[in-house]
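Trainee: Here it is, the structure, as structure tokens.
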Amino acid sequence: MDALNSKEQQEFQKVVEQKQMKDFMRLYSNLVERCFTDCVNDFTTSKLTNKEQTCIMKCSEKFLKHSERVGQRFQEQNAALGQGLGR
């Protein structure tokens, strides 16, 4: 990023932030869709049953832990790749 001037750095940072927000929204949407589909079965009432609430909590925790693990592995791969290129 040293090759970019101040304005270019700001524009680049803005693009990165927009991508991060888009990725976060995609993650959130996938979480909602998956857990709703897997856990909500009773449409006779507007409230969740205790079973549905428990399922949603477990589903969301599992989904977020999985996403965190994937992110960590991605960072590890990037670090390894960066070290390989830095030789």
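Including glycine, each Cβ sits where the backbone N, Cα and C put it.
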Trainee: Which one of 10-34, 35-59 shows up in Swiss-Prot as motif 'Twin CX3C motif'?
Mentor: 35-59
Trainee: What Cα-Cα separation, expressed in whole Å, is found between Cys39 (disulfide bond) and Cys59 (disulfide bond)?
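Mentor: Rounded to the nearest whole number, the Cα-Cα distance is 8 Å.
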Trainee: Just give the helix, strand and coil counts over the motif 'Twin CX3C motif' (35-59), going by DSSP.
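Mentor: For the motif 'Twin CX3C motif' (35-59), the helix, strand and coil counts are 15 helix, 0 strand, 10 coil.
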